[in-house]
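**Student:** Just lifted these from Swiss-Prot, have a look:
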type    : residues                                                       : note
BINDING : GLY172, GLY173, ALA174, GLY175, VAL176, GLY177, LYS178, THR179 : ATP binding site
Amino acid sequence: MRINPTTSGSGVSTLEKKNPGRVVQIIGPVLDVAFPPGKMPNIYNALVVQGRDSVGQPINVACEVQQLLGNNRVRAIAMSATEGLTRGMEVIDTGAPISVPVGGATLGRIFNVLGEPVDNLGPVDTSTTSPIHRSAPAFIQLDTKLSIFETGIEVVDLLAPYRRGGKIGLFGGAGVGKTVLIMELINNIAKAHGGVSVFGGVGERTREGNDLYMEMKESGVINEENIAESKVALVYGQMNEPPGARMRVGLTALTMAEYFRDVNEQDVLLFIDNIFRFVQAGSEVSALLGRMPSAVGYQPTLSTEMGSLQERITSTKEGSITSIQAVYVPADDLTDPAPATTFAHLDATTVLSRGLAAKGIYPAVDPLDSTSTMLQPRIVGEEHYETAQRVKQTLQRYKELQDIIAILGLDELSEEDRLLVARARKIERFLSQPFFVAEVFTGSPGKYVGLAETIRGFQLILSGELDGLPEQAFYLVGNIDEATAKAMNLEMESNLKK
């Protein structure tokens with residue numbers, strides 16, 4: 001699908017005086033606006049309220065039309081705070097949906113829902129913009145070939161591989177390495193696939209958004225010296241913003257990603273943190289618009305809203321958008337309508353484990369809880385599938401034996417089980433990997449491990465060829481040859497100490 005970009009400015013900041021209306025009612029972030037007969041705006045059109053507040057400060061509030069009420073009135077939802085607005089203020093219909101800048105000019109910059117830069121680094125080139133509301137690619141444009149999206153991260157590629165153009169749910173609490181994993185994926189897609197990334201911060205903490213930006217600058221994902229060489233564009237609509245902004249910021253990020261896919265023909269990574277906040281914002285807007293709530297108080301249009309976002313995230317014949325979405329599960333209830341609706345769209349889940357993080361095994365991806373629809377022999381091949389299954393079986397058996405080991409000790413196990421435990425511990429450590437973006441913290445150079453190398457390494461451990469090597473040799477290394485070399489170094493060091 002090709003975009004037909006407009007050449008107007010981003011958001012709704014530059015306007016002609018066309019089709020003016022008047023504010024007739026304000027209820028929080030919801031505005032009712034009256035227009036002259038025969039000049040009603042379309043649904044999703046951007047409106048701008050312009051004027052001055054009681055102390056003479058200029059007001060410029062963007063809204064989006066949600067309902068046509070009759071009697072020449074529309075109901076719109078504000079994208080920014082409505083403090084200072086009064087009845088009778090002039091409202092301008094822009095005649096089009098919210099449009100945001102797209103293309104290379106967005107890389108290394110932070111935007112709000114309207115596509116306006118919020119990082120104090122000056123204006124952005126707005127010669128090419130695109131509306132945030134678009135239809136999903138037509139069937140004929142889709143790339144239906146099932147292919148693996150190689151990340152260079154062993155535990156992901158082997159046990160829960162990502163689909164090119166697929167959607168992945170990322171589950172993890174605070175402090176288990178979610179941000180570092182996200183940054184490594186951004187780094188690897190740029191190096192291995194020549195792709196770029198778009199990060200959509202939907203309804204999360206402003207502090208976390210700031211921390212992510214600072215860490216990206218520190219790790220080189222955002223290049224301060226030459227912004228154009230950055231690998232990511234950031235779009236934030238944080239939890240202090242009105243529900244309208246939080247509901248639409250995901251679409252703004254997606255629109256930027258679509259341009260890289262359709263026009264630049266690149267592989268794009270789209271991060272959404274957090275997809276639950278998108279649903280939550282939609283629920284707030286639905287209540288403000290007076291719709292009858294559905295199950296558990298959610299909006300009746302929940303599935304439609306989720307589908308309209310998720311169906312645009314796909315592979316076309318030009319390129320792909322692979323989406324990684326952090327999923328918050330309210331009260332750990334997986335049957336809650338918000339996560340349940342999200343699960344229907346996911347191709348893989350990556351679960352981060354606090355237990356593994358406590359052991360110092362990073363990335364702390366749980367190899368048994370993480371799943372993928374791609375892990376089938378006809379897609380990944382027999383060799384990959386068999387290796388992954390044997391790794392999972394070994395780790396599952398080790399998990400079952402841990403209670404016995406804790407009570408009776410390793411000596412009480414059979415010879416066969418002792419061997420299995422030793423191999424499982426090697427596998428657990430070999431699933432750790434030094435990251436490029438964590439070099440500044442760990443001092444270990446980052447490693448990108450190809451899928452073939454990953455499979456070969458785990459096959460050697462499972463076959464017993466490396467039973468004689470110490471388990472610490474497998475910790476934080478790249479491929480299996482590095483583990484062998486590390487074992488030799490450890491042996492030499494221990495001999496020198498003697």
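Cβ atoms here come from the backbone N, Cα and C positions, even for glycine.
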**Student:** Cβ atoms within 10 Å, counted per site: which of GLY172, GLY173, GLY175 has the most, among these binding-site residues?
**Tutor:** GLY172
**Student:** Would you find the one among the binding-site residues ALA174, VAL176 whose Cβ has the most company, meaning other Cβ atoms within 10 Å?
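**Tutor:** Answer by Cβ density within 10 Å: VAL176.
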**Student:** Excluding GLY172, GLY173, ALA174, GLY175, VAL176, GLY177, LYS178, THR179, please set out which residues of the same chain place their CB within 8 Å of the center of the CB atoms of the ATP site, keeping sequence order.
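**Tutor:** Output for this site, in sequence order: LEU352, ALA357, ALA364.
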**Student:** Using all protein chains in view, find how many other C-beta atoms are within 10 Å of the C-beta of THR179 (ATP binding site).
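**Tutor:** Looking across every protein chain shown, the total is 18.
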**Student:** Could you tally the C-beta atoms, other than its own, that fall within 10 angstroms of the C-beta of LYS178 (ATP binding site)?
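**Tutor:** The Cβ of LYS178 (ATP binding site) has 21 Cβ neighbours within 10 Å.
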